[in-house]
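Structure first, commentary second.
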Amino acid sequence: MIDVNKFESMQIGLASPDKIRMWSYGEVKKPETINYRTLKPEKDGLFDERIFGPTKDYECACGKYKRIRYKGIVCDRCGVEVTKSKVRRERMGHIELAAPVTHIWYFKGIPSRMGLVLDMSPRSLEEIIYFASYVVVDPGDTPLEKKQLLTEREYRAKLDEYGNRFVAKIGGEAIQALLQSVDLEKEANLLKEELKEASGQKRTRAVRRLDIIEAFIKSGNHPDWMVMDAIPVMPPDLRPMVQLDGGRFATSDLKHLYRRVINRNNRLKRLLDLNAPGIIVQNEKRMLQEAVDALIDNGRRGRPVAGPGNRPLKSLSHMLKGKQEGFRQNLLGKRVDYSGRSVIDVGPSLKMNQMGLPVPMAMELFKPFIMKELVSRNLASNIKNAKRKIDRKDEEVYDVLEDVIKEHPVLLNRAPTLHRLGIQAFEPVLVSGKAMRLHPLACEAYNADFDGDQMAIHVPLSNEAQAEARLLMLAAHHILAPKDGKPVVTPSQDMVIGNYWLTMERAESVGEGMIFNDLDEVKLALQNGYVSIHTRIGVRASSMPEKPFTDQQRQQILITTAGKMLFNDILPKDFVYLNAPTNEKLVNGTPDEYFLEAGEDIHEQLNQRPLLSPFKSGFLSDVIAEVYKQYKVTETSLLLDRMKDLGFYRSTLSGLTVGIADITNLPDKPAIIAAAHKKVATVTKQFRRGLITDDERYERVIGIWNDAKDEIQQRLMDTFDPQNPIFMMSDSGARGNISNFTQLAGMRGLMAAPNGKIMELPILSNFREGLSVLEMFISTHGARKGMTDTALKTANSGYLTRRLVDVAQDVIVREKDCGTDRGLLITAIAEGNEMIEPLYDRILGRYTMKSVINPETGKVIVGQNEMIDERSAQEIIDAGIQEVTIRSAFTCNTAHGVCEKCYGRNMATGDRVEVGEAVGTVAAQSIGEPGTQLTMRNFHTGGVAGNADITQGLPRIQEIVEARNPKGPAEISEVTGVVESIEEDPAEGTKEVTVKGETDSRTYSLPITARMKVAEGDYIHRGAPLNEGSIDPKKLIKVRDVLSTENYLLSEIQK
């Protein structure tokens, strides 16, 4: 037999009866399994040692031959070969069937393979196979036709009429005879002839039949092998009987299914020997057919065979299907040694590439390493002794453990692993307790928090694995997210509020206008209370020689605050001095406006200057990205740790708290609400008089309340004290946003009903005042829907990611340059007035197809085939260029992948992508990972009649990726030309849109409720949508070309 442990790939095919018998080591004749007293396998049964091999290594069944020296001998008493018991995992048996039986996969699969080969409907096949109708196999010289079905009564009548001049059969034998009579070559030729004329359904069927028939010719399989004379029996160790405590046995379902087949087969043999009446034999044959069906695929036809407790039995097919099956559970996803899992806790004192490992876990995970080290240090005489020492928890074991885990990275993983940042490597540090400690900045990549999350830990054993973990997977390397190249390790929550508080400016605080020599003096003054963190002070610029100030600035006094000096102290020495949170300061240095000439009056200047805003979360992220770009990994991870420590320390010192008094009342609120009530009354009056429809009234009411809420929100924003802790939290990006705030202090606003429609009744109260009973009840709908949506969408999103990875995993960067001469013209993606993705983001990190030239100066900004970096991308935008031709994966010529130039920058490193990078998987994960955040709702536009629901969120992504026919499709024009007329036909409920092209004109009929995207007299191109909705990509490909369809899909997904 083949070596079952070494294989490259698998394929499912047909086995001939001879092949099945060749595989087999003997025939299983009895349904018995093991003897209930001796627990030894029964002879000729499903566990027979003569067929499948010995149950104990190198020992025959009767015990005459024991030990390895008799290897290969077949015992003369019991007939068992003396060999390893492992052969029971690979030796098959077989069952000789007393009547041929069809294979359910080939009869029931879609499309039915048997039906296609025989050109018969599955319906009639079923009647033949399950003994409801006879089929004419050979009409002889009678007027009957081949493959004609006859009922029992018709068959008897024809027998009386024609005698044995024709042959008709029933059951598996009939199908076998028909399949044996198929001449494949002749059928194929006939079909090819037919394809020349046929069209429509006939053609489709002919193509399908030709496919199957040519496949049979090519593979050399015979169609009649779809009917089985013998069936293989799976090796017994793959369907074992396990003894439970209490002497009972747990058996595999296959045992029951095989037993049913063997029992019915033996009964059929006996009936045939007895020459039993035909009807009894037929019934037994049908039962055998059903038993074999159940064994191969239980439940595919009729009711599944159930075991104890009415549970359907798991058949052979079920063992290959789904998540729990053989492939995904055992072959592709094995459990691994040297792994553990535990609850995680925050480790604020850890470095970027460290994790805290509890001592008991470390002891267990690194046991072999500790044992080896104990022996090599002569602290233990042998391995057994070393093991005993570990179990006794001797003192010296801990010293060894400390040394063993040094420089030995471990992998941490948190389920669900949605993208490659879900597994990262850290260096372990021993901690007390039983919880693992995770670095606070690693949380975002894992999407972890400390409310009881658990994580798994794995120890890479070999030197290669350790090296790979250290070089490629260390958490310090994963600073940018592979999906968009933005930092994934930005400080959050406490760290943000700490840095925000630190960089605030406050007018007229203690010591305002003092001038200092250098940072040390500032620190001293801070300690002694001469200045506060937020005091605006002056510092000699020359005290910071490394900073990139201009020569003129170096002579001057820099106006800043003590807090900002502390913040700048954590940045690299020669990095720009940050005084205000704006991006151009990051790139272009500190502006002159923050400097004073030596003799100027600082107090006068300070009175004129506005207060600068503090550093928010987004700005911190930009700082990190900029530092990463200039200084790469090491410096960035050091900066991150310093920023984390500073943030935690300062947020503690700030003493930021939230009390009920921080939620302010809005005096204007009653007036705004009264005005809204008045407007609603007016609208209702108009409706009562019949001036507007009910839908219009609903729309307007919703609009009125939304406006009222927005106005309250705006007033709240205006009246806020910048020192208000809640405002600081939301403004800095630490926690919460403005709408939380409006709900606390303004009004909650409109809520959605369970069906997703917005209710007209707004919640006027806020949480500070408290909700009335009715308001409380209304607002619970939304909360419940949110919970159910989240649960459903996780599963859907995970499945989508899996399918995406499946199709994209072989897209790899294969070469440096494919030399294509095609590219893509890129513009910003916008929908109406809303910018979805600006041009800057789309061209950054891509290679140009043609040189980009400044239209005014004629200067070449980027040459041909060069990468567009941040600086040149900004230049292109500043020059007012709206579109750029770039290299794209859509137009890449590389076979089975893409080339470096067409792909562009590797987002995770900010450098060129390297050959061998698995960009397909990265792309699939980047779409799949945010999938969980997308909504499940099919968006209902506030009830305007006829704007068919346009699908959005996760369902829309699935629709696009699978090229389904979209819901609420948009009609597209097939010609380029002018929209001649748009006529409504109320009787038919349609709109007729006529587009006049250069050569011909086309008329499209749309539902009368459709929202138009074109008006009469518009000039449109082919493929342009006429009404709002989603374009069907299959139509677009017919009208335009592949490239424009790819572009459309791309822009849709980006939304």
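In case you wondered, yes, glycine gets a Cβ from its N, Cα and C as well.
Marked as Zn(2+) 1 binding site by Swiss-Prot on the basis of sequence analysis: Cys60, Cys62, Cys75, Cys78. The annotation Mg(2+) binding site is assigned in Swiss-Prot to Asp449, Asp451, Asp453. The feature Zn(2+) 2 binding site is assigned by Swiss-Prot to Cys818, Cys892, Cys899, Cys902, with sequence analysis given as support.
Where Swiss-Prot records a feature, it is marked here on the structure.
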residue	record	Cβ neighbours (10 Å)
Cys60	Zn(2+) 1 binding site	24
Cys62	Zn(2+) 1 binding site	14
Cys75	Zn(2+) 1 binding site	20
Asp449	Mg(2+) binding site	12
Asp451	Mg(2+) binding site	6
Asp453	Mg(2+) binding site	16
Cys818	Zn(2+) 2 binding site	18
Cys892	Zn(2+) 2 binding site	23
Cys899	Zn(2+) 2 binding site	22
Cys902	Zn(2+) 2 binding site	28
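DSSP gives Cys818 (Zn(2+) 2 binding site) a coil state; it is part of no helix or strand. Highlighted in sequence order, Glu815, Asp817, Thr820, Arg887, Ala889, Thr891, Asn893, Thr894, Val898, Glu900, Lys901, Tyr903 have their Cβ within 8 Å of the centre of the Cβ atoms of Cys818, Cys892, Cys899, Cys902, the residues recorded for Zn(2+) 2, and are not part of that set. If you compare Cα positions, Cys818 (Zn(2+) 2 binding site) sits closest to Asp449 out of the binding-site residues Cys75, Cys78, Asp449.
Other residues of the same chain near the Mg(2+) site, with their Cβ within 8 Å of the Cβ centroid of Asp449, Asp451, Asp453, are Ile344, Ala448, Phe450, Gly452.
Cα of Asp451 (Mg(2+) binding site) to Cα of Cys60 (Zn(2+) 1 binding site): a span of 58 Å. One way to see the shell of the Zn(2+) 1 site is to take the Cβ centroid of Cys60, Cys62, Cys75, Cys78; the remaining same-chain residues with a Cβ within 8 Å of it are Ala61, Gly63, Lys64, Tyr65, Asp76, Arg77, Gly79, Val80. Long-range neighbours of Cys78 (Zn(2+) 1 binding site) (same chain, six or more residues apart, CB within less than 8 Å of its CB): Glu49, Arg50, Cys60, Ala61, Cys62, Lys64.
It is 39 Å from the Cα atom of Cys899 (Zn(2+) 2 binding site) to that of Asp449 (Mg(2+) binding site). DSSP assigns Cys902 (Zn(2+) 2 binding site) to a helix.
Cys892 (Zn(2+) 2 binding site) carries neither a helix nor a strand DSSP state and counts as coil. The two recorded residues, Cys75 (Zn(2+) 1 binding site) and Asp453 (Mg(2+) binding site), show a Cα separation of 59 Å. On a Cα basis, Cys902 (Zn(2+) 2 binding site) lies 41 Å away from Asp453 (Mg(2+) binding site). DSSP classifies Asp449 (Mg(2+) binding site) as coil under the three-state reduction.
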